[in-house]
Structures are given as structure tokens and as C-alpha cells.
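TrEMBL has this to say about the protein:
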type: DOMAIN; residues: 47-123; note: domain 'Glycoside hydrolase family 31 N-terminal'
type: DOMAIN; residues: 165-526; note: domain 'Glycoside hydrolase family 31 TIM barrel'
type: DOMAIN; residues: 536-626; note: domain 'Glycosyl hydrolase family 31 C-terminal'
type: DOMAIN; residues: 644-697; note: domain 'DUF5110'
Amino acid sequence: MRFTRLLNFTKLYRFGKPFATDATVIKPEEKDLKNCEKVNYFDIKVKENKTVLTLNLDYEDRIYGLGETLGGLNKRGKIYKLYATDDPVHSPEKESLYSSHPFVIIDKKFGFFIDYPSEIIFDIGYTKFDEMIITINSKDFDLYIFESKRALEVIREYLRLTGIPYIPPKWAFGYQQCRWSYPDAKTIKNIANNFREKGIPCDAIYMDIDYMKDYKVFTIDENKFPNFPEFVSEMKEKGFNLVPIVDPGVKIEKKYDVYEEGVENNYFCKDEKGEEFVATVWPGFTHFPDFLNPEVRKWWGEKYKLFTDLGIRGFWNDMNEPSIFFVPERLKNYLDKIYELKNKEVGLEFFMIKDKILLLSNNRDDYKSFYHVTPYGKYSNDQLHNLYGYYMAKATVEEGFEKIIPNERYLLLSRSSYSGHHRIATIWMGDNMSWWEHMLVNIRMLMSLNMAGFFYTGADIGGFGANSSPELVVRWMQLGIFSPLYRNHSALGTRNQEPWVFDENIEKILRNTIKLRYALIPYLYSEFFNSINNLKPFISPLFFHFDDKISKEVEDQFMIGNSIMATPIIQPNARGRYVHLPEAKWLYWSASNFKERNMKIYEPGDYYIKAELNEIPIFIKENSLILLNEEEINYVNEKPIKELTVIGFVTGSAEFTYFDDDGETYNFKNGKYVKINIVVKKTENGYNYEIEKDESEDFVSTVERIKFEIYDEKGNKHTQIFEI
Ligand code: GLC
């Protein structure tokens, strides 16, 4: 084992010869590593080809991190298997999801990151209450230990090591509508018209797999989408971004250019015999591009030109664990076994047939049977399994967008990811269900993913699988206004979830909900940038802000930026909920409509608050400010923001930094942005307001007026308007 110190308080322990995953932006050189014998904190044992790290846990230890995983926010009490898996049923006992983020925080002690691209099992106080047992399927890996007792400092250091989070375009903070599927241009146009006619704001409509010709990646079905370029511009004119899905599996079909090019140039993963590996996904029999090969990434990245040339800036890389429905050989063997039983009296064998069919999908043996050709040699997919989604994103971004649309921001969701992915793209949380329980999963994962650097992320609002009730959609859409990615998505064969499909009253509630989200965009966008600048999660648990005992246990409330605490209703038939209000006093806004203020002051404590179906409970922290744009807009970039409303509850002094830029490029890095620093101070006879603008000649703020609406301790409102 070798060792070096990095950054402010990181120690790297290198075991064996790990694969260079590209998770980190800081890459220590071999010559900097010195031999060492011992690792702090962990007891380490090598058993056969596995390495087992054991750590004693104290009764009060709270464990966080692990990015996209099920279980609590506090990860203690469960086993997590980090091995990317397409499992559409996220029930509590499941150990694997689509991504691997092996970053862990032990609050008040330290944090660590295990850079290893295949299976790692974290048994966190499950087998033994007071032990964390980590089993790494190898002897070659990097272990980074972050020696700070403060969770926020550990996260900052992790982000210094793995890179600054990705920043989507501003329109990606608007509402987004998805469905598997809106199968043709006509349907999408109708959906778009509905949004505009009904006055429900929306910025993006997704194109699921049916836009392709026979599910062939990088094709467009001309019958369903005649004159695609014209359709894209028509949508753009109405303020809609189209977001096509891109799947990695390339259909095996003679004369199909992507297939032919791939075969000709050896771009596909090969099996043991050196032949193209065949797996079945949506298009039928497919080959998988070898994204671990830089040449393949270059080839794949350029393909996005098909869309970027038309002005499309939103993408959705799916099925990249990679998901395998089945491998033809394995299915054949299975079917042969069934045929053998055809004329026999079947008893217990029935269960063999029934259960075995599920094992055909995403079978570990299949991942062991195909290979990647990397700059460091040949590896089986199993050995590098967790990198496939990340390397597909690297192809899309580093070899695609950065070359074909340099300096332009893009929305890129991926389903699978690895640590480091967060600096070039993001993920959504995969195929959840229209279950109330999944709203809590959504909230916890928002926080855990933020800790792992995925500041902009979200779940399928309303739930993907299973049918949703109107009430579930309302409550989830209300939770969604605080989700950075605000996308409603649902699966084929399930009940539709667009805002107007239930009844007029539900439509009205959903319209007001989405409008409230749009009103909040100046706050969300500013705080998102503030979070990036401070390397501090945008969505965070209460205990990052407050030190009281109860806050450490709250998993169904969260902070968005520094001023707002969300306390969403996640229970059916509830007309309110219990909330914990830590330390500070709070201004409670029971928001049913962004124009109506229904404000009340709360002292710290625990309360039951009421929230009718149309009401969204919002808490604004004492001595902090939020911003609203009260002008009605249909989509984010429809009109420049002329007036900002500042709402705050100020008993001493409060400050907020408004941020704006063109929302589409990286020019903000060269000073093309505006910041307005707003300070409100309580004085003996009212309030003192300070407004300081920091703008460059190249980017001038559109804001002409700032309206203050400040509440004092008694709940009295003080208003002021300033022309700026
Ligand atoms: C996968 C995706 C889902 C998508 C579906 C069809 O299940 O996770 O979001 O709608 O495939 O493409």
C-alpha cells in the first residue's frame, strides 16, 4: 500500500494498481506516493481477491452519503451493493440501483471515498449494529480519507477532489413534461398547445424511445416526425425545448449506418471469442459501444450533431448500466428447459421456471462475458461495470457538446453514473413508482445525491411505474417545486399525469403550483449558483444548518439554498403534517398561489401545521430573504425579469445575493453576469435597505425595480419599492 497527502485534509491510500477511473480531477503522480503500513480508522483484511475494511461504529454515529441509494438519509442499518443495476422496483430491501457513488460521511468524525469501478458492498450496521463492513471485490483501489469532523467540510473536500458540479441551462429550472411515450410530432404539438392554451408554464417536452425508427439510436422516424427540423424550430418558437432519449444499444441491422460503422471499426464490446457481444434491449438484438475506448467516445460524441445542429440542447442518456433484457443464448437455454417439461407433469419445477426468467435480465455472468479495450488494457465489463454510464456521458459531453457546441450549456440526464459524472452531467433517479412511499425516497435521495455533487437532480414526479391518483400527483408536484429537476414522467400503460388529465380543480391547483415554481426561479437560480460557488449542497438536510438534536433525525424536511425549508405533505389524505422548526423563528407561508400571501410567524419547536390539498407549506428562515418574479411567464426565457419581489422575515439583518446571466453559455465565467447584493436591516423605526449591483458592461441586469415585503416579529408587513 502507498500513501500521499492531498488538498487540505485528504489522505490517499493506494492499494495495488487501481484502474484510472477519472473520478477525480486531482491525479497524484506515482512518484508522490510513499510506501505505508497502516490506514487510520479502518481494520483492513485481504481475503482471496477481496478486500474487507471494517470500522467500529459508536452508538451515536450517523452515516451519510452513498449518493443514489435506497434506505434512510442516515445510511445506518442496511446493506448497499454498489453495482449498477436496472431494477425498476425500488422496494426497501433492494441493495442496488443504477449508479455507484462510493462516498461516505461519518458525521462528527471523517469521510471517505473508495475509487473502485466495480462491486463494493457497504454493510452499515446491518449485520452487526456497531460495525461498518465494506467488501471491495478487488485488491486494487484508491481509498481517500477526508479528515474533517464537519460533514460540510468533508463534502467540500470531496468536491475539490472530484470536481465542481455541473450547471444546466436556466430553462432546465422550468417545468418539464415527459411520458413514455408521446410517440409522434402530432401528440407532442398537442401537449405543447395544451400547456400554452391552459396557461400552465412549461419549458421542455421529452421524446421517449418511440421517436426513433425501430428504436435505432440516432435515427428519427420520418413517418411519425415528418420534417423534424421544422418541428424542432416550431417548438422552440413556442418556448419548448425538446429532450430526446439516447440509448446505448445499437440495433444489429445491415445498412444501418451506426451499426455498420461500429462493426467496421471494432467499436462494439466483444465477447470471449472476440465476436461482437449480443444483448437484447428495446431494438431487439444489439451491440454495446465500448465507451471505455477513447476512439469510440469520439465517434459517439459526434453523433449528437444530428440534434445539436437543429438547436436541441437537452438529452437523456438511458439504459446505460448497461441494461440487458436478456442474452439470446441464455434465453434459448431457458426455453429449451421449459420445452423439456412440455409433456411432463410439472410440480415444483414450476417455481424454477417462474423465478429463473427474471434472472435472465442483467445477469452478472453476462457482464463478465464481454470486454472493454481501454488505454490501460483489456477489462471485462464486470471489472469496470460502474463506469459505463459515466463514460457514455463523457462521450456525449467531452467528445460531443464540448466540440460541437462549445461554450453552450446543455441539459444532460443519465440513468447510470459514477463519482465524477456530477461535473459534466447529472442523473435522474430512474424508474420509481407512483407510490406515496417514493416521495420520501425522492426527498432523501435529493439530499444524498447533493452530498455527492449532483446538485441538479430529481425523481420522476408523480411516479413512473404504476397508476397515480390525482392527490398523489398534486402532492408530488408540490414537492417538485423544490426539486432542482422538475420533471413529471410516467410509464407506458400507466395513467396519464399531465396537469390537466384529472379534473378542473386539480388542474387549477397544478397550474398554481407550477406558477409558484416559476415565481421562485430567481431565488432557485441564484441559490444554485451560490451553492456552486461555495461548494455547498443546494438541497441539504436540516442538520447542515442547525445544531439541535432533533434536526439530525429529520429526513422528510429539507433546505433549498439558505432561506427556504420545504416540509412537503407526503401522506395520503393528510390535510397537514408535523414539522420540526429548529433554532430560528420562521415565517410560514401557506402558499396556494404565489400572489396571495398567507403568512404567519412561528417560534422554534414542533407543530402540526395545516395544509389543504391546494396549499404548499413553505418556511422562510428568520433573518433570511427569498426572491420572487411575480410576472406571469409561460417559460423561463419568455420575458426579461423587470421586477423582483424580496420577501423576508427580518428581526436583525438579512442578506441575499441575486445572480443572473444569459442562462445559456459559460460566459459567466468571464464576468458576464450580474449580482445584486441585497441587505435588509432592522432599525429602531423600521427597516434599512441596501442594494448593491455588480454587473459587467457585457451583461447588464434587466431588473428595474425591487419591491420589498418584509415581515417583523409580530408578523406585520413592511413594504418599500426601489427603482434601480
Ligand atoms: C427506462 C427509463 C424510462 C423510460 C423507459 C422507456 O425504463 O428509465 O424513463 O421511459 O426506459 O424508454
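For all residues, glycine too, the Cβ spot is worked out from N, Cα and C.
Note on the domain 'Glycoside hydrolase family 31 N-terminal' (47-123): mean pLDDT across this stretch is 98. Most Cβ pairs under 8 A with the domain 'Glycosyl hydrolase family 31 C-terminal' (536-626) among the ranges 47-123, 165-526, 644-697 are made by 165-526.
Under DSSP, the residues of the domain 'Glycoside hydrolase family 31 N-terminal' (47-123) split into helix, strand and coil as follows: 0 helix, 31 strand, 46 coil.
Remark: secondary structure over the domain 'Glycosyl hydrolase family 31 C-terminal' (536-626) totals 7 helix, 39 strand, 45 coil, with classes taken from DSSP.
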